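Written below as structure tokens is the structure these notes are about.
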Amino acid sequence: MAPCTLLLLLAAALAPTQTRAGPHSLRYFVTAVSRPGLGEPRFIAVGYVDDTQFVRFDSDADNPRFEPRAPWMEQEGPEYWEEQTQRAKSDEQWFRVSLRTAQRYYNQSKGGSHTFQRMFGCDVGSDWRLLRGYQQFAYDGRDYIALNEDLKTWTAADTAALITRRKWEQAGDAEYYRAYLEGECVEWLRRYLELGNETLLRTDSPKAHVTYHPRSQVDVTLRCWALGFYPADITLTWQLNGEDLTQDMELVETRPAGDGTFQKWAAVVVPLGKEQNYTCHVHHKGLPEPLTLRWKLPPSTVSNTVIIAVLVVLGAAIVTGAVVAFVMKMRRNTGGKGVNYALAPGSQTSDLSLPDGKVMVHDPHSLA
């Protein structure tokens with residue numbers, strides 16, 4: 001198995017998953033960043049249920065604590081938050097050690113800034129059986145080591161990671177991870193879905209429209225927007241006379257809108273005057289049927305254009321008449337001689353280690 005680079009996973013925040021009948025996912029993303037001369041490495045951990053961030057820990061906070069990031073998590077009592085805070089602080093120490101160990105493996109100096117990351121969690125189906133478990137690590141933005149889909153073996157990305165793999169294989173760490181992913185991870189996902197049922201199991205249909213962006217005298221860009229939808233799983237495609245233009249589209253990753261919903265757009269360059277031949281198709285579970293959109297010059301714009309053109313013609317005629325009358329009058333007043341004029345003054349014109357128990361716990365084995 002080739003693990004996905006965690007920087008890309010973090011940038012994307014979370015791969016889209018469906019809600020209601022399933023599948024569902026629980027995932028944690030953890031990052032430790034060394035900063036020589038500025039104190040201890042910064043440690044950040046965030047947790048997601050499906051497409052929603054629900055917990056966070058930041059070692060740079062005034063009072064570093066595991067805290068809720070979704071209103072429904074406030075139902076958990078003080079004991080839960082205290083326990084998770086202690087686990088996060090324990091994991092913070094593990095990541096600091098791992099950063100130093102990785103620097104040694106790669107023969108790096110202590111003067112540079114480095115990043116160690118981890119993503120772990122589980123995907124479950126509608127029957128609550130495990131579909132996929134994750135334990136992936138990255139160093140300086142590159143894959144380091146990952147638990148394979150069989151949850152029994154590891155894939156090391158390079159010779160440095162081979163050292164860690166041998167150590168973890170000897171210690172039987174894969175078995176420990178597997179027990180968590182098949183058991184407690186699934187149970188905690190069920191718990192969080194119960195707490196956030198109204199939010200996590202909702203469906204917000206996208207609001208879609210097409211915008212027009214001139215490029216040159218021969219072509220334009222048509223951009224199809226989908227806004228305010230949840231969950232994040234959505235498909236936008238452009239078609240020309242019924243044929244998909246997937247290879248010719250510019251497609252951005254689905255992005256959080258900041259209000260619990262998501263947004264996305266897809267663009268295609270088309271010949272000027274051929275805009276009507278292109279259609280955008282939007283597929284989302286919140287829609288009773290897929291949307292089909294086409295760029296059209298709004299009727300109001302056509303009417304306004306006609307009105308403006310008429311007004312321009314009338315205005316030009318009025319101005320021309322006024323100028324002619326003014327000149328004729330001045331010529332009469334001056335006996336046909338021209339008059340010189342001068343302008344008056346001023347008249348110019350947008351975690352964790354090996355889980356155990358609930359969410360987080362210190363790994364029994366570091367990279368060393």
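The backbone N, Cα and C atoms fix where each Cβ goes, and this holds for glycine too.
Marked as signal peptide by Swiss-Prot: 1-21.
Restricting the average to the region 'Alpha-1' (22-111) gives a pLDDT of 93. The region 'Alpha-1' feature in Swiss-Prot is assigned to 22-111.
Less than 8 angstroms from the CB of ASN107 (N-linked glycosylation site) sits no same-chain residue that is six or more residues away. Taken from Swiss-Prot, the feature N-linked glycosylation site covers ASN107 (among others).
Residues or ranges marked as region 'Alpha-2' in Swiss-Prot: 112-203. Counted with DSSP, the region 'Alpha-2' (112-203) comes out as 40 helix, 29 strand, 23 coil.
Counting every protein chain shown, the number of other Cβ atoms lying within 10 Å of the Cβ of CYS122 (disulfide bond) is 23. The disulfide bond annotation in Swiss-Prot covers CYS122-CYS185 (among others) and rests on sequence analysis.
Sequence annotations record features per position, and here Swiss-Prot assigns N-linked glycosylation site to ASN197 (among others). Sequence-distant neighbours of ASN197 (N-linked glycosylation site) (same chain, 6+ apart, CB under 8 A from its CB) do not exist here.
The region 'Alpha-3' annotation in Swiss-Prot covers 204-295.
Marked as disulfide bond by Swiss-Prot: CYS224-CYS280 (among others). DSSP assigns CYS224 (disulfide bond) to a strand. In sequence order, ALA208, HIS209, VAL210, LEU236, TRP238, TRP265, ALA266, ALA267, CYS280, VAL282, LEU293 make up the list of same-chain residues 6 or more apart from CYS224 (disulfide bond) whose Cβ falls under 8 Å from its Cβ.
As annotated by Swiss-Prot, N-linked glycosylation site applies to ASN277 (among others), with the evidence given as experimental evidence. Long-range Cβ proximity for ASN277 (N-linked glycosylation site), meaning a same-chain Cβ under 8 A and a gap of 6 or more residues, is found for LEU240, ASN241, VAL270.
If you look up Swiss-Prot, you'll see 296-305 marked as region 'Connecting peptide'.
According to Swiss-Prot, the feature transmembrane segment maps to 306-328.
Summarising the annotation, Swiss-Prot assigns topological domain 'Cytoplasmic' to 329-368 and lists sequence analysis as the type of evidence.
The Cβ neighbour count for CYS280 (disulfide bond), using a 10 Å radius and every protein chain shown, is 27.
Annotation note: CYS280 (disulfide bond) sits in a strand segment as assigned by DSSP.
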